[in-house]
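S.K.: Quick one: the structure is below, questions incoming.
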């Protein structure tokens, strides 16, 4: 019984030491990352004489589109998808 209690105590100390090491590593990684702006929308304007993939999606010339991080605004429709820093987001165009 004493052996079991001793092994349990050693296991708890080892787990606590490992947890402290992981939290320090996470703090170091967070400190190394550059600050990012939360709302970075990318606006796209399609010129009249420019043939592009947007026109193939049904987006007409002269339409302003934006790559949104969340949902499209009420006066916009989703015309496809785009990427911001490697993540896929909706491509929203004004109606």
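Every residue gets a Cβ built from N, Cα and C, even glycine.
According to Swiss-Prot:
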SIGNAL    1-19  signal peptide
DISULFID  65-93  disulfide bond
DISULFID  67-82  disulfide bond
DISULFID  72-92  disulfide bond
S.K.: Whole-number Å only: compute the distance from the Cα of residue 72 (disulfide bond) to the Cα of residue 93 (disulfide bond).
M.R.: 8
S.K.: If you count Cβ atoms within 10 Å of each one, which of the disulfide-bonded residues 65, 67, 82 comes out on top?
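M.R.: Most Cβ neighbours within 10 Å: 65.
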S.K.: Select the most exposed residue of 72, 92, 93, where exposure means the fewest other Cβ atoms within 10 Å, treating these as the disulfide-bonded residues.
M.R.: 72
S.K.: Expressed to the nearest Å, what is the distance separating residue 93 (disulfide bond) and residue 82 (disulfide bond) at their Cα atoms?
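M.R.: Residue 82 (disulfide bond) has its Cα 12 Å from the Cα of residue 93 (disulfide bond).
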